[in-house]
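Trainee: Features from Swiss-Prot:
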BINDING   Gly8, Ala9, Gly10, Lys11, Gly12, Thr13, Arg125, Gly170  ATP binding site
BINDING   Thr29, Arg34, Asp55, Tyr56, Val57, Gly83, Tyr84, Pro85, Arg86, Gln90, Arg131, Arg142  AMP binding site
REGION    28-57  region 'NMP'
REGION    124-134  region 'LID'
Amino acid sequence: MLIVGPPGAGKGTQASRITSGYGIPDISTGDIFRANIKNKTELGQQVKAIVDAGDYVPDSLTNELVTGRLAEDDAKGGFLLDGYPRTLEQVKYLDELLGSDGEKLDAVIQLVADREEIVARLTKRAREQGRADDSEEAIRYRQEVYVRETSPLIEVYRERGLLVEVDGLGPVDEVAGRICTALAERGILPLTGTGESVA
């Protein structure tokens, strides 16, 4: 499965709910990058040099790191990808990678949230936490980048019938319940097997 959603929609929180409820690992490209940098792997050193230069990590390197992570034992029974794929080239690569093992994606969970409500939420949080760098302008810019980058991917998965759109606003438990219900409608049940909310 994949999870996508705009910054501030609670993607990280819901990803951890999904992974604990369904017994699958949450595989975040950001976490993979940080772990490789921390462990000073060869790929991690390449990522660090690129990030330090202010550039985006190229698809080829990201693909290589994701391939390595998906080959680990805990991902054999399923996984939730967060932050990948980000480009159409990565979508193609992931298709080929999963296809080579006779696997395919079961669902792409999209947390849908009103942009103005997210901007208000993040602006308030930045103010409360004294994060001056998180101006409303910066928050709006990140929202625009998200829409620009992910719209083509979302359309690909919508056309394939994999997209599961869920209202991402509201209490954490309610959103988790919506996700669980939407997945159950596709025959994807949590470890409890009841199709009920995974709290």
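Each Cβ is built from the backbone N, Cα and C atoms, and glycine gets one as well.
Small disclaimer: the values here were computed from a predicted structure and weren't measured.
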Trainee: On the 0 to 100 pLDDT scale, where does the region 'NMP' (28-57) sit on average?
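Mentor: Here the predicted model's pLDDT, averaged over the region 'NMP' (28-57), is 89.
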Trainee: Counting all other Cβ atoms within 10 Å across every protein chain shown, which of the binding-site residues Gly8, Gly10, Gly12, Gly170 scores highest?
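Mentor: Per the Cβ count, the most surrounded site is Gly8.
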Trainee: In Å, rounded, how far does the Cα of Gly170 (ATP binding site) sit from the Cα of Arg86 (AMP binding site)?
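Mentor: A Cα-Cα distance of 26 Å.
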Trainee: Which residues of the chain, 6 or more past the ends of the region 'LID' (124-134), have a CB below 8 A from one of its CBs?
Mentor: none
Trainee: What residue among the binding-site residues Lys11, Arg86 has the most other CB atoms lying within 10 A of its CB?
Mentor: Lys11
Trainee: Please give the AMP site's span as the largest CA-CA distance among Thr29, Arg34, Asp55, Tyr56, Val57, Gly83, Tyr84, Pro85, Arg86, Gln90, Arg131, Arg142, to the nearest whole angstrom.
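Mentor: Comparing all Cα pairs, the maximum is 33 Å.
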Trainee: Could you measure the widest C-alpha to C-alpha distance across Gly8, Ala9, Gly10, Lys11, Gly12, Thr13, Arg125, Gly170, the residues recorded as binding ATP, and give it to a whole number of angstrom?
Mentor: 16
Trainee: What is the nearest of the binding-site residues Asp55, Val57, Tyr84 to Gly8 (ATP binding site), using the Cα of each?
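Mentor: Nearest in space to Gly8 (ATP binding site), counting only the binding-site residues, is Tyr84.
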Trainee: Measuring Cα to Cα, tell me the gap between Thr29 (AMP binding site) and Arg125 (ATP binding site) in whole angstrom.
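Mentor: Rounded to the nearest whole number, the Cα-Cα distance is 25 Å.
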